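Asks: Below are the features listed in TrEMBL for this protein:
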| type | residues | note |
| --- | --- | --- |
| BINDING | THR61, VAL225 | pyruvate binding site |
| ACT_SITE | TYR152 | active site, proton donor/acceptor |
| ACT_SITE | LYS182 | active site, schiff-base intermediate with substrate |
Amino acid sequence: MLTERLSTDMSQSVKKITGLVAATFTPLSEDGEINLSVIAPYIDYLVDKQGVKCVFVNGTTGEGCSLTVDERKQLAAAWCHHGKGKLEQVIVHVGCLSLKDSQELAHHAASIGANGISVISPSYFKPMNADALRLFIKEVSASAPGLPMYYYHLPGLTGVTLEAADVLDGIEKVIPSFQGVKYSGMDLRDLGQCVSYSQPRNWSVLYGVDEQLLAALVLGVDGAVGSTYNYLGRMVKQIISAFDNGNHSQARTLQFKFMEIITFARSLGFDVSVNKQVMSEVSGLPLGPPRLPLLPCLVSKAQAIAQKIRDFSQGH
């Protein structure tokens, strides 16, 4: 009964995440050190130029798993500090291969005023079933019981092929702070099951495959977390607005245009490294190189993609 009451209290007090969430890049200096001086202007760019006021820090786009625990703490603290009064939600990804590191990051996120935490599945020693993964998430959330917890589902990179709907099934019974899922998989059936389970519990289901957002909106997701929303936020908000207003033809047209940009980018090799350089080209922010084992991309490649984005923006 206590667990149920805590879960209900959390659901009533937490501001549900909706709309767009930018999966942030990590600014690095040319010698590979984190560059915190970029965070404040980064936030201003997201809010003023893209109309995006929620961020997901230290995730895949942010090269979180290539950073040290201390670096991740510094970045999370900077986003929370500079985002105060400007950002609506700062969700900190705290997933690590090590349970202890994840717990340390979760506790730190609570101490700096983050709005929530998220955990990806460990991917070296993989959980053998949904119970094992739920237990891992539970142990992390226990280090920040007052923060909403979101499961980060990314089977394409983790190699953990458990269905997210199976992970969510009954999770509120063991994790009172659980509040939703960032679904970055391609299986729309599984996504739909997550939405169906989450809606009566008032959880947030956020989609993470940018170029398929419209399909996820039809299934009832609450919003989306993505890297391209850093520099295409305004455009994608038009897709959501058209869909919400019942103008499905316009929503499709905009989604197809968005797909054209992503298809062009993928033809040039669109990975985190290229994506990061595109953000630098479009925003003017000095985000620097990626961290090894990722290799810097050719600037000309990023410039070509950035020009494609400008061409579209000028046409709309």
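Cβ atoms are placed via backbone N, Cα and C, with glycine included.
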Asks: Test of understanding: give the count of other CB atoms lying within 10 angstroms of the CB of the residue listed as 'active site, proton donor/acceptor'.
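Replies: Neighbour count, Cβ to Cβ under the 10 Å cut-off: 26.
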Asks: Quick one: Cα separation, THR61 (pyruvate binding site) versus TYR152 (active site, proton donor/acceptor), in Å?
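Replies: THR61 (pyruvate binding site) to TYR152 (active site, proton donor/acceptor), Cα-Cα distance: 13 Å.
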Asks: Run through the Cβ atoms and count how many others sit within 10 Å of the one on THR61 (pyruvate binding site).
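Replies: Here the count is 25.
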Asks: Pop the Cα-Cα gap between LYS182 (active site, schiff-base intermediate with substrate) and the residue listed as 'active site, proton donor/acceptor' into the table, whole Å please.
Replies: 5
Asks: Only counting partners 6 or more residues apart, tell me which same-chain residues put their Cβ under 8 Å from the Cβ of VAL225 (pyruvate binding site).
Replies: VAL21, ALA22, ALA23, PHE56, GLY59, LYS182, SER184, LEU206, TYR207, GLY208
Asks: What is the total of other Cβ atoms whose distance to the Cβ of LYS182 (active site, schiff-base intermediate with substrate) is within 10 Å?
Replies: 29
